[in-house]
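What follows is a set of notes on a single structure, which appears directly below.
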Amino acid sequence: MLRVIVESATNIPKTKFGKPDPIVSVIFKDEKKKTKKVDNELNPVWNEILEFDLRGIPLDSSSSLVIVVKDFETIGQNKLIGTATVSLKDLIGDQNRSLPYKQTSLLNEKGQDTGATIDLVIGYTPPSAPHPNDPSGTSVPGMGEEEEEDQGDEDRVDGIVRGPGPKGPSGTVSEAQLARRITKGKSSRRMLSNKPQDFQIRVRVIEGRQLCGNNIRPVVKVHICGQTHRTRIKRGNNPFFDELFFYNVHITPSELMDEIISIRVYNSHSLRADCLMGEFKIDVGFVYDEPGHAVMRKWLLLNDPEDTSSGAKGYMKVSMFVLGTGDEPPPEKRDRDNDSDDVESNLLLPAGIALRWVTFMLKIYRAEDIPQMDDAFSQTVKEIFGGNADKKNLVDPFVEVSFAGKKVCTNIIERNANPEWNQVVNLQIKFPSMCEKIKLTVYDWDRLTKNDVVGTTYLYLSKIAASGGEVEATTGETEVGFVPTFGPCYLNLYGSPREYTGFPDPYDELNSGKGEGVAYRGRIFVELNTFLEKKPPEKKLEPISSDDLLVVEKYQRRRKYSLSAVFHSATMLQDVGEAIQFEVSIGNYGNKFDATCKPLASTTQYSRAVFDGNYYYYLPWAHTKPVVTLTSYWEDISHRLDAVNTLLVMAERLQSNIEAVKSGIQGKIPANQLAEVWLKLIDEVIEDTRYTLPVTEGKANVTVLDTQIRKLRSRFLSQIHEAALRMRSEATDVKSTLLEIEEWLDKLMQLTEEPQNSMPDIIIWMIRGEKRLAYARIPAHQVLYSTSGGNASGKYCGKTQTILLKYPQEKTNGPKVPVELRVNIWLGLSAVEKKFNSFAEGTFTVFAEMYENQALVFGKWGTSGLVGRHKFSDVTGKIKLKREFFLPPKGWEWEGDWVVDPERSLLTEADAGHTEFTDEVYQNENRYPGGEWKQAEDTYTDANGDKAASPSEMTCPPGWEWEDDAWIYDINRAVDEKGWEYGITIPPDNKPKSWVAAEKMYHTHRRRRLVRKRKKDLTQTASSTARAMEELEDREGWEYASLIGWKFHWKQRSSDTFRRRRWRRKMAPSETHGAAAIFKLEGALGADTTEDGEEKGPEKQKHSATTVFGANTPIVSCNFDRVYIYHLRCYIYQARNLMALDKDSFSDPYAHVSFLHRSKTTEIIHSTLNPTWDQTIIFDEVEIFGEPQTVLQNPPNVTIELFDNDQVGKDEFLGRSICSPLVKLNSETDITPKLLWHPVMNGDKACGDVLVTAELILRNKDGSNLPILPSQRAPNLYMVPQGIRPVVQLTAIEILAWGLRNMKNYQMASVTSPSLVVECGGERVESVVIKSLKKTPNFPSSVLFMKVFLPKEELYMPPLVIKVIDHRQFGRKPVVGQCTIDHLDRFRCDPYAGKEDIVPQLKASLMSAPPCREVVIEIEDTKPLLASKLSEKEEEIVDWWSKFYASSGEHEKCGQYIQKGYSKLKIYDCELEDVADFEGLTDFSDTFKLYRGKSDENEDPSVVGEFKGSFRIYPLPDDPSVPAPPRQFRELPDSVPQECTVRIYIVQGLQLQPQDNNGLCDPYIKITLGKKVIEDRDHYIPNTLNPVFGRMYELSCYLPQEKDLKISVYDYDTFTRDEKVGETTIDLENRFLSRFGSHCGIPEQYCVSGVNTWRDQLRPTQLLQNVARFKGFPPPVLSEDGSRIRYGGRDYHLDEFEANKILHQHLGAPEERLALHILRTQGLVPEHVETRTLHSTFQPNISQGKLQMWVDVFPKSLGPPGPPFNITPRKAKKYYLRVIIWNTKDVILDEKSITGEDMSDIYVKGWISGSEENKQKTDVHYRSLDGEGNFNWRFVFPFDYLPAEQLCIVAKKEHFWSIDQTEFRVPPRLIIQIWDNDKFSLDDYLGFLELDLHRTIIPAKTSEKCSLDMIPDLKAMDPLKAKTASLFEQRSMKGWWPCYADKDGTRVMAGKVEMTLEVLNEREADERPAGKGRSEPNMNPKLDPPNRPETSFLWFTNPCKTMRFIVWRRFKWVIIGLLLLLILLLFVAVLLYSLPNYLSMKIVRPNA
C-alpha cells in the first residue's frame, strides 16, 4: 500500500483572471488519484490522503510518483500549473516507512521552475498476506469508498470485464485485483449433509463509527433465518452497543450456508420511511468457512441498499460465530485500546481490496425441455371443439434471479416448453460480495394458485471468479485472478420426475434445490458479465440486442452423441413382484414417458426376478445381456471435460498414494519401505503435473471463463510441480510432508470443478410395472470417450462399474438396496462411434419382436375371442404390429426369417433359485347345511380356489427329487385334527372368504391342504435339467394365462383361456459398422397404423412412439459366447463396535455375503457387539461373462450386509460394508489377500467395522488350480486359513478395576452387588463382587490379570469388552451395563520401564502412608508495626482481580500489581481435563461409560454408569521357564472413602445463552454435590449474558460416593419456573487421584500474607518430599541457610529462580520458596482458572456459554486448608465530571431575524454516554449575530466508575415495568451539543462534540487554533491525528474544542466551544463543592453571570430593548431622515396654511 498525503502548496502563480483553483493529481504506474479543488487560493491546503494498492508488487528502485497541479476549470480543460516527479527509492524495505517530501518544486511544461512548491508525506506498507480474519494483522486496506467517489469521470472504468487483459489502460490490472481472495475457503467447503442439524449463530454487535446523520439515535437490527434481534437505542454517531444475539436453528447444513445475515442500522428518532441508515449482508457460509467458523471483531462497511451511488454510510464492528454440533466458539479477545483499532485494515474484506460497485449483467437467452406443469383440461376442451391441442407446451415459464436478497424476474412466456426470453437482468452489488451464489429458479406461472417451481440451479461466484492470490504470491503473476464471468452456456435443471400428474408432487422439494434431483427438468442458456461502474443501471430488466443474439449462436452448435449401456447383472433385489426393467436417459433423450424425442432403445426388456437360493433375488440374464442405446444432441464441450477427467486421474492417483503412505505409517513398516512408497508418490506427482491441459484455442465455443480457468489450472499445476521437486530434494521426515501433500490434493480437487458443464447427467431408472422405483445419477464426463487420448476419457468409459441405485429423496442408502447393477456405459461423439468397437465385448444382436395372441372360444384356440387385443401386438398386447412393416435401419440387415422364440426370463416358476420346495394342493368338499360331505365339483384347487391338478397327476419336475414319500395332510395350521378347515359362502361369491378350524352346522364348504416336499437333485447338471425343461415346454412356444392380463406360465392348465407366443427376427450389423451399428437404431421400427382407419387421432397419439413400453423400439442385446467359471472365497474374520439392537445391550449379528447372483449367510454369534466369525464363505462355480482382463480391472464387489437376529419379528439391519476382491487369473500368482477393516455403514452413519478380505480365482474346468479347502469348525463351516488369519502372541492384560460409579437402576431395581467381567480375544476374567455399591463403590481387590493370545499387528487387535453383572436374588445375574474399548495401543507398556508413570502421586497415596507429624503451617510474625495499615491501603490498590487481569493480559485493569512483583495464575481457555499436558487427569484411572439397551436409529445409546479403572498390556515370553515381567499396578492407594472439603470458585460467565424475551438472562449459580445442593438464587445478576459472579462456595463430601460436582447456571424468573441455561460436571475423584496434583494448583510464589496467601494443607517442602518418594528419588536434602536443595540428583539454588525478580514483603521462608520453585518444574497443575463449557439437554452438543472457575479439594485427614481467596467483584466508585461552558464561537447562524440578519439563539446541551436521562443544558444566549455565545455555566455529571477497568457502570431499568435494573459497562464519553433555541417550533440542532475521557482531545488555547483537524479520523496511520490525553490522569483541561455536523456525508464546522473539564472522586467533590449552572454553592470556581452584549435578549419580552437594539440600530438614519422630512413637511404645511392669512394681513395692514 502506498499512501500519499497531499498537505499544501505555496506561491502558486496568479492567472490572468485572478487567483487559481488548484487541484492535485498524483499518478503512480498509470493509476491516477485526485484531491478536491481549493477555491481562489495561492497557498492552498488540501491535507488529503490518496492511496494506491500495490497489488502485491513491492516498490523497486525505479518507482516514482508524478505530481500534477492544475487550475480547475468548470468548463473546458484544466490548465497546468506545474508538475513534479518524486523518486520512491528511499522508501524501499521490508518495514512500514513514512517520509516527508517538503518544498518540492513544481516545474512548468518547459521544465522550468515556477517558484511554487508542494509539501507531501508518503507512507509505504510493503505487501503482506496476513490472514484476513486476523484483527491484529497488518492487512493492507484498499481504496476506500470515499476516495473512489472523488475520482474524475475520466478515470472511471465502465468497460465490460472479460478477463484481466493486458496491462496498460488504467484499471485493467485492478480488475483482476478486484477479485482477489473471493474464493477464500469457499471452493474447498466440505460436502454438506442434507440431514437437519442443530446450529447456533451468534452475532455480537460491538460499536459503530461515523454513522451518517445529525442528532441520531441508532438501533441495529440483525436478521437471520427468519429471526430478528435488535439492540438498545443509543445516541450519537459513534454508539457503543456490545450486545450478543443468539440464533438457534434446526436446519440442513446446505440450506444454512445459503441463509443471509442481514445487519441494518436504523435511526429510531426518525418516523419517516428513510430511517434506514445503512446495511450489510453476508451469507452464513462465508462465516462458516472462516477459521474457527467465526469472524472476530471485524468492521463492516455500511451502505444504502436503495441508493447505490452513495458512499459509505458508516462502520459497524461485529463478531459472528456459526456453531455446529460439537463446535466450540473460539475465545474472543477484547481490545480496549481503540487507538490501535485501524478500521480500514480491519474491514471484513479480502486484504488489499476496496468495495466497488459492480453490475452483474446476467443475460437469459432461452430454455428448453421444460416439462409439463399444468393440467391438460383446457387443451382437451379445445380439442373437443375442433381446435388444435398443444399438450407438449402446458407450461408458462419465467426465471427468477436472486442474489444477496435482491430478486428480478423475467417476462412470463405462456404455453411454451422451449421459451426464448432474450432479456438482461442487471444486478448492482458491492464487490467483492460476501454472498456466495446467484440463484436461478425457473417457475411455472399460475393465474390462480401459487407458482410452481420447475427447477433451480446456481452460479457459484467462487467457481466463476478467482483471486489468483495464491498463485500470484509465489509466481509474481498478476493476471491470474478474474471477476465473475460465465458462458454463454447452458445450465441444467434437476428435480422431481418429469411425468405430470394432477396430484401434489411428493418430490416437489427437489425442484427447489433441496436434495439431489432425480430427473432432468430442462436447461437454461445464460451468460454472466461483470461491469465495474458506479452508476446504477437504468433498468433492472431490458432486452438483449440483436447483435448479441447473433454472437451467441456459435455457442449453441450441437453435435450428435451416441450412448450405449450394457447391463451385466442386476442383483441384491429384495422388493420383487412385478416385472422389472431399466431405463437410461441423458436429458430428455431416452425418457420412455416423454414424447418430445424420437423413440430410442433406451429401456431393457422386462424381466422377473429369481431367488438366489439364500436371501436376495436377481434378474436371470445369463449370457444374453440387455443393451440400451440412444443418440442425443449436445454442445461439444470436450475441451472442458477432457481437462476435468485428466485432473481427476491425477487426484485419484495422489489419493491412493496418500492412503498407501498413511497405511504404511499406521502399520509401522520399516523406514526404507516407507521411503519407497513416499518416493513413488512424489515421482508420480512430478510426472502428472508436467502434463499440459487441453488447448482451448481454435474451438469455436470457448468462453472467457474457459480461458481463465485453464490459465488458473496451469499455474496451480506448475506450482505443485515446483513444490514436489523442492520437497523431493529437501524433505527429511515423511510424516511432516503429509500435510502439504494433502493440501495439493485439496487444490487438485478444487481444480476439477467445471462450472460450465452443460452436458446433463446420465440417469438410470429402475421401473417396476409402470412405476419409477429407484435411480442413479452418473456424471456424463465419467463415461465420455475423448479423442485426446491419455487420461482425458472418463474413469468408467467403456468399463464395467458397480452402481447401487437409491430411492428418491433417500439421502443415503438405507436398510434395503433397491438393486446393485453392473453396467458398462460408453458415451462419445457419433463421429467417432466406431471407436466403440474397441470397447465392446460380446456380440451385439438386435431383434424385431412381436407377440401372436389367441383366445380359447368353445374349446378352440383362435383370434375371434381377443377382446381389445390384436392378432399381432407388442408385449403389452395394446399396440398393434404387423411384420410387413418392420424394416432394417441403415447399417443393419435381416439375418434369417421370423421364428418363434419364447421369453423364458418372464416365466420363472415359483421354485426358481430354491434348493428346497414344498408343493401344495387343496382337497375340497361341500354339502347342504346339515347334510353329508361330498366331493366338490373342483375337487383339487390351489390356495386361491382356482382349479389344480390332482396329487396323482402332479409329477416331480426335472432336476428335482421327492423328499417326502407321499402327499401328507398339513395339520400345522388353524385346522381340526384331520386337517380340515371350514367355511361358508355368501352370494354372489361361490367360494368362502374365510376359514375356521371347528365345524358348525351351517358350514357348507371345507378343505384341507396336502403338501409334499422336494429338493434339488445335486447329481444332475444344470444343462441336463435345462434340456428336460425344454421338453416340458410347449413345442410351439405358447405361454398360457387363465385370463387376459393374468400372469403367464409354460404348462397349459384346464382353466387357461388365453395364450401368446413371441416371434422374433434377428438383424445383424453390416461388416463396415461392427458393434457401433447399434447407434443407428433411432426410431427404426414402427407400429402398423395404416389399418383400422376408424381409429381417431387421439387413439393414434395414445399409441405413439414412447407410450407405455416403447414397444416399437428394437430389442438390443449382447451375447457372450463364452462363460468363465470363477471361484470366490470371502474371509470374514470378525466385526467390532456394532450397534446394540437388543434390550440386553447386545446384538446377535450375522452377515449376508453377496457376490453377483449368489449369496450366503454366516453363522449367528449371540449377545455380542464384537462377533468373531472366523469363517470362509465359498462361492464355487460363479459364472461371469466377459474377458478375465476386464474382471481383473473392475472386479464385482463383495457386499456384506449385517443383521441382528431376532427370535420374534423381523431381523434388524445393522449396516452394510463393501469389499473388492483380489483377482487371481493365474494360479501361480503368489499374492495372499490381507485382512482389512472395512467400515460398516447404516445410511451415512458409521456403525462399526468388519475385518474381511476376498479373493476371486479363475477356475480350471476340473478345479485343480484351487487352493485346498480350509479346516472346518462344523459341517460346511470353514475357518479362515493360516497365512490370512492374524498371527497371535501370548499377551498379559492387567486390569485395574477401581470401582463403579453412577449405576442406574435396572428393571426398576437398583444395582447393589455388581461384579466386573472383562472379555478379550476369547478369554474372560471376573472380579470379586462389591457387597454394597452404595457404601463402598470400589472393588475390594483392585487388580485382575488375564493371559490372552492377541494379534501381533495392532491393526487386527480385537476390542476389549467390559460387562457389569448384578448378583440378584434367586441366582439372577443380568448384564446391567457394558462397554467396548477399541484402541488398546494406549494401554501398551514396557513392563521393565521405571515405575514413574504407573503409580498415582501426591495425596491419594499419602493417605495410606503414616500421617505427617507437621501439618500446622507456622508463620513467623515478622510484620512491621504499620503492617495492618499498609495492607489495608494495598488491598484498595491490589486484589485478587488484579491478579486475574494481570494474568489475562488486561494490564490496564490490574493497577500496580505487576510492578510489585506479585505472582500470576494460569488461565486455561478450556476445561482442565482438556489440557494436553495433564492427560485428561486419567493417569491413575480412566472413566469408561457403560451403556445398556437398544440403540435407536438417530440417538446415542443411553449411559447407565461408569467404570473407573485402567489397563496395562504387555507381551509375555513364549518360554514358560523365563520369569514373567513384574506386575504394573503396585503401591495402590487405599480405596476406602475419604471425607474432603471442596471449595468452588466461580469467577464469571461468558456468552451465556439468553433465556428471556429481551435477549438477556438473569443468571445465578446452583451447585449439586451428592445430596447437597446450594441454590444461590439470592445473588442472581440481572439482565446480562456475561455475569461477573465472584462467588466462593465451600462444602464437604465423601469421595468417591459423591465424586460428581455439578455446577449449573439458572435464569432467575420472578413469576415462572427458573430455566436452566446449562451445566458442567467435574469428576472430583479424578482430580483427587491424579498424579498431576490437580486437587489444588501450585502457585508461583510462597506467600504467608497478602492476597496470595498459601492455601494448601501441606507446605512446599512437604509436598516435595512426597513427590520424591513416589518417583523413587531419595528425600530432598536442604542446606542450613535454606538457599539450596538437592533433589533427584541435582542441586537447586534459590538464586536460579529469583534472579532479577522483585521480592515483596509477603514472601515466606527461603526453603519453602525454593521447594515451590522445584515443584513447578515437575509438571504439576499450576494455580489456574479454567474455562468450562456449559451444556444443556436442549442442544446437547452446542455450547450454552462458558464459566470461568476453579475447584480445590482438601482431604480432611490432612488438617485444615489455608484461607480461601476473596474473589468478590470490584465495586464501582463514585466520580463527578464538572464541565464549565464558558463561551462559544463561530456557531452556525441558523435563523434570520425579522430584519433579515443571520443570527442564532445559542445554548449548549451535554450528557455522559449511557446517562442520557441526566442531560443538562445552559441558559440561552439570544440573538448571537456572529456565532459567539457567553454562558459561564457549569454541568455536574455524577457517574459510577471502575478505575481498574476504565469503564463506567450504568444501571437503569429498561422499561418502567422492569423489575431489575440492567447494568451496562460503557466507556466514559462526554457528548456536547450546540442547539438553536426556537420558541414556537422544535429547537434546531447545530453540531456536536464527542470526547472519550480516556483519550480526550487536547484543546486549543485560542479559538483561532481550534479546527476540525483536531478530530481524529478512522485511519490509524494518519500522521495528522490529534494528540489525546486521559482526563483521569490530567484531572482537568481548559480550552477550545471544535463541534461539527454531518452535511452530505462530510464534516463541517458547526462552532467552537470553550470549556473546562474536571474529574473528581467523591472525597474531592465533598472537599470542593460546586453547584449546577450558577446556583449555590457557586464556587470552585465562582461563575459570574456572562457579560453578554446588550443585543442579547428575547425580543418580545423587552420591547424597549427591541426598539433600541433592533429598530434604532438598523433604521436609525431612516428614522432621522423621516423625522427631518416630517418636520420639513410640517413646516411647509404650516407655511402653506399661514401664508394666505399673512399675505392678506400684509396687504390690509402693510405696516402691522
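For all residues, glycine too, the Cβ spot is worked out from N, Cα and C.
Taken from Swiss-Prot as is:
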type: BINDING; residues: Asp390, Asp396, Asp444, Asp446; note: Ca(2+) 1 binding site
type: DOMAIN; residues: 1-101; note: domain 'C2 1'
type: DOMAIN; residues: 183-300; note: domain 'C2 2'
type: DOMAIN; residues: 339-475; note: domain 'C2 3'
type: DOMAIN; residues: 1110-1238; note: domain 'C2 4'
type: DOMAIN; residues: 1269-1397; note: domain 'C2 5'
type: DOMAIN; residues: 1523-1641; note: domain 'C2 6'
type: DOMAIN; residues: 1759-1907; note: domain 'C2 7'
type: TOPO_DOM; residues: 2034-2048; note: topological domain 'Extracellular'
type: TRANSMEM; residues: 2013-2033; note: transmembrane segment
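The Cβ of Asp444 (Ca(2+) 1 binding site) lies under 8 Å from the Cβ of Ile370, Met373, Asp374, Val395, Asp396, Pro397, Asn451, Asp452, Val453, Val454, each of which sits 6+ residues away along the same chain.
Scoring each of the binding-site residues (Asp396, Asp446) by how many neighbouring Cβ atoms lie within 10 Å, the top position goes to Asp396. Taken residue by residue, the domain 'C2 5' (1269-1397) breaks down under DSSP into 12 helix, 57 strand, 60 coil. Residues of the topological domain 'Extracellular' (2034-2048) grouped by DSSP class, helix first, strand second and coil last, total 11 helix, 0 strand, 4 coil. Contact check: the domain 'C2 6' (1523-1641) against the domain 'C2 7' (1759-1907) gives at least three Cβ pairs closer than 8 Å, residues 6 or more apart, which meets the contact criterion. DSSP assigns Asp396 (Ca(2+) 1 binding site) to coil in the three-state reduction, placing it in neither a helix nor a strand. According to DSSP, Asp444 (Ca(2+) 1 binding site) is assigned to a strand segment. Using DSSP to sort the residues of the domain 'C2 7' (1759-1907) gives these counts of helix, strand and coil: 6 helix, 77 strand, 66 coil. With helix defined as DSSP H, G or I and strand as E or B, the domain 'C2 4' (1110-1238) counts 6 helix, 67 strand, 56 coil. For the domain 'C2 6' (1523-1641), residue counts in helix, strand and coil come to 9 helix, 53 strand, 57 coil, using DSSP.
Broken down by DSSP into helix, strand and coil, the domain 'C2 1' (1-101) contains 3 helix, 52 strand, 46 coil. On the 0 to 100 pLDDT scale, the model's mean across the domain 'C2 3' (339-475) is 77.
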